[in-house]
């Protein structure tokens with residue numbers, strides 16, 4: 001999100017008049033709260049019931065609560081360090097990357113390499129956002145494929161499916177072909193370089209996604225089967241997959257500084273942060289737990305894949321897909337604004353538009369290719385969360401506090417706390433990435449073996 005909030009030199013933070021682009025005032029308390037919720041609620045939420053299954057019915061919700069508290073604390077650390085460094089540097093505001101850069105400049109032996117701090121943060125922002133785009137490709141293909149295959153038997157009676165799972169009745173194309181079908185439309189979507197033109201569609205997408213979530217909650221709550229005989233603690237080898245999915249869902253730290261920088265009264269942002277992330281954590285824990293209680297061992301990579309075969313819930317899948325389709329452009333905007341301007345600076349104005357559109361096309365094709373290589377929604381979510389989200393959400397903020405306040409002197413307790421949080425993120429990164437890659441390899445081997453067996457039988 002660094003690209004969404006440029007930081008021109010200006011008066012120090014106490015002197016700001018908070019006038020924004022076009023001389024308009026900044027966002028209100030409620031607007032900022034809505035943006036914060038929107039930045040944290042997406043496909044990750046729908047994958048949390050499977051994450052709870054991997055951790056266990058008791059350990060899963062407790063772990064989500066702990067991770068929520070740590071994630072909010074790290075967001076608060078980032079805002080605190082941004083305030084401190086912007087005042088020291090006489091800057092109006094800082095982005096995540098700039099905060100890391102100026103934090104490294106306060107340490108004499110790191111000052112020469114401070115630019116690498118900004119570049120590293122931007123690199124992980126790019127990886128995270130392009131990872132989101134890969135997840136969206138897989139999510140769209142899986143859900144639309146399921147709706148198409150069940151279309152002939154879809155009815156208006158939502159009680160027919162006693163297994164609480166959409167039945168696959170008419171085999172159709174491989175999910176990879178569905179991704180290729182979405183590819184040209186997503187390329188055309190990202191050709192819209194001004195996000196203001198997408199604002200009406202974004203509003204509609206928010207409304208339909210909210211409606212879909214309400215219907216998912218209602219169905220899950222009213223179809224919990226008793227007695228509940230689900231494992232309270234999951235297998236140890238599955239816990240890293242839980243970590244990756246959970247930190248993927250909580251990875252809203254990239255929107256924190258842009259939102260705080262654009263507030264009309266940024267002094268109230270702490271309240272927005274605690275209120276918004278409190279709501280987000282409640283949604284994560286509740287849907288993760290309720291979804292697992294409802295569908296049990298049959299829970300899919302996304303809870304939408306378990307909804308019954310009736311038109312109401314098939315519509316829920318399609319509506320959520322529409323919301324994700326529009327959100328693709330918003331997620332894509334960040335890496336595009338970081339990667340494309342340096343390339344445009346090297347060409348003449350005559351070729352600028354052509355090169356811009358070409359690079360956007362290449363980036364979308366790249367994300368589609370990655371999704372085609374790994375068409376496993378749950379594992380892609382866990383891999384993206386483990387690889388990049390763990391750094392942005394857990395590892396970098398504590399390190400930044402130790403850098404920014406090292407001259408003032410942090411207490412031993414604060415230093416120990418920061419080291420522990422960073423180590424948790426590092427262990428999650430290593431174990432989550434390893435397990436996700438191993439699971440991807442194992443599933444691909446199983447599919448190739450099954451395909452070979454079918455070929456031999458024919």
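Placed from the backbone N, Cα and C atoms, the Cβ positions cover glycine too.
Unlike curated records, TrEMBL annotations are generated automatically.
What TrEMBL records for this protein:
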DOMAIN    26-438  domain 'Amino acid transporter transmembrane'
TRANSMEM  55-79  transmembrane segment
TRANSMEM  121-139  transmembrane segment
TRANSMEM  175-192  transmembrane segment
TRANSMEM  199-219  transmembrane segment
TRANSMEM  239-259  transmembrane segment
TRANSMEM  271-295  transmembrane segment
TRANSMEM  315-336  transmembrane segment
TRANSMEM  357-374  transmembrane segment
TRANSMEM  380-400  transmembrane segment
TRANSMEM  420-442  transmembrane segment
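For the transmembrane segment (121-139), the partner stretch with the most Cβ pairs below 8 Å, chosen from 175-192, 380-400, 420-442, is 380-400. Remote same-chain partners of the transmembrane segment (420-442), defined as residues 6 or more beyond its termini with a Cβ less than 8 Å from a stretch Cβ, comprise 70, 73-74, 237-238, 240-241, 243-244, 247, 374, 376, 379, 382-383, 385-387, 390-391, 393-395, 397-399.
Contact between the transmembrane segment (380-400) and the transmembrane segment (199-219) does not hold: fewer than three of their C-beta pairs are under 8 Å, each pair 6 or more apart in sequence. Between the transmembrane segment (357-374) and the transmembrane segment (175-192), three or more CB pairs separated by 6 or more residues in sequence fall under 8 Å, so the two stretches touch. Here the transmembrane segment (315-336) does not touch the transmembrane segment (55-79). Their Cβ atoms form fewer than 3 pairs under 8 Å, with each pair 6 or more residues apart. Long-range contacts of the transmembrane segment (199-219) within the same chain, counting only residues at least 6 positions beyond its ends with a Cβ under 8 Å from a Cβ of the stretch, are 38, 41, 45-46, 158, 286-287, 290-291, 294, 303-304, 307-308, 312-313, 316, 319-320, 322-327, 330.
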